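For 23-51, the entry in TrEMBL reads region 'Disordered'. For 37-47, the entry in TrEMBL reads compositional bias 'Polar residues'. Annotation comment: TrEMBL describes 121-153, 187-219, 220-252, 253-285, 318-350, 395-422 as repeat 'ANK'.
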Amino acid sequence: MELDRFGMEDEDDDDAATQYMIEQSLLESNKKKGTNKGETAQDSRSSGPEAADINKVFTAVRRGDEKLLKDLCVQHKDKFCQTDSRGWTPLHEAAAQCNQTILELTFKASGPDSVECRTLRGQTPLFLAVEGGLIENVSFLLKHGAQPDSQDNDQDAPLFVAIRSDRTDLVKLLLLLGSRVNQEGCHGRRPLHEASRLGKVGLVKLLLEAGARSDPRSHYGLTPLALAAQGGHLEVVETLLKKGADVYSQAHDEASILYEATASGDPAVIGLLLEYGADANIAKHSGHMPIHRVAHRGHLQALQLLLPVTSMSDVNDSGMSPLHSAAAGGHRNCIKALLDAGYDPNYMLHPWVRRSYDDERKSALFFAVTNNDVPSAKLLLEAGAMANQDPVKCLQVALRLGNYELINLLLRYGANVNYYCRVNTTHFPSALQYALKDEVVLRMLCSYGYDVKRCFDCPYGNRAHIPQDYEGWSNTVIKDTMRSSAR
């Protein structure tokens, strides 16, 4: 996409928010089947009488048929250690049912070691009971030897599941019966990360009271405060700050807590972080500052909070203006606020930023024009934006889009109607190629001084019109030619 540099976390693979989204996708949506961990039960996925017997056990458990299950416990006790196609034992099935008598019978027939048998996904009976929200089953299994922090193949654990389900009662029970409050899950996440990310202030307070560290870092350097700020969870942010969470913390990509807060753009969260001393002038490794992100996302109230505390000098050092971000996002209210605050409409992207774009664009106006955004383009032009600063001219883009209003606007504010782009073997001004079948555009071009005479001037005379060294107009040749003609 052309808006990579200003889409920030939406398009930047290194951005912490994207990485955390990938984490969640891996954990919640893409659970893979794998080799069982720990003790594995005997696999009974075969046909014949034995399969029929194990099926009877599973059916009795599933239907809650206590009488039949008691008989099977006597007649087919050996079948209680066998598994179905999911790697489930009868105890897994019983743990997922809301009948504690069935669970007790199945556990007695299965033996104490069965509590740690794992499915193909590495899930224990306790994990399934927590996933089903069955607190009596959870209590029974924990009291009969189930390990409270046994992780599945994706390093997910019962405490994380209980937090995601917003089950305070399960969280309390797990902590009471041995679950570690600071245990490490996938990508170095802790339970406090999960509760903070979800905005569960009650669970955050419960975990902190149980001894959770207030500022642990994931493998990406994200803290619970960063995730709470990212989600706009004001109460959680306030709770963590009062417990000493570091407002100056930065992730591995150097994104600050304040930068993470600009994802939601919640002015209350941003205001609170500023009260605690957050620095609006810290840029992440890509050069983006909080003001760039709120401008790109159109968070006007957040932008108004950041304007007074953001150094224009630091913004200039970043190589990009928040006007570029606001224009890329199509947020004219943010463009106006930035212009009113004194941001230069003719600030050009630094070369290292321009290299990210095939067209090597420079100006905020170019972003507005490529978005076909007439109101934003008008605001910038009225503020003094120059229309001829980019290697590919804004007028050329407008002509290609066929937007009469935008074409006329650019011409009225001085766009060069006789711009020349050397991607053909003639030398008439290039705008004509968009007007050959459009009388309205042709009249517009002529009204603003198009040099018609050059259309009848052939620099080749009677010679061949294609030079001997002409290599055709591949994308690379066009790009190189446009660069040389722009210099």
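Keep in mind that glycine also has a Cβ here, set from the backbone N, Cα and C atoms.
Curation does not apply to TrEMBL; its annotations are automatic.
Residue counts for the repeat 'ANK' (318-350) by DSSP state, with H, G and I taken as helix and E and B as strand, are 17 helix, 0 strand, 16 coil. Across the repeat 'ANK' (121-153), the model assigns an average pLDDT of 97. If you look at the repeat 'ANK' (253-285), the same-chain residues 6 or more away from its ends with a CB under 8 A from one of its CBs are 9, 14-17, 220-223, 225-227, 229-234, 237-238, 241, 246-247, 291, 293-294, 297-299, 301-302, 305-306, 309-311, 314, 318.
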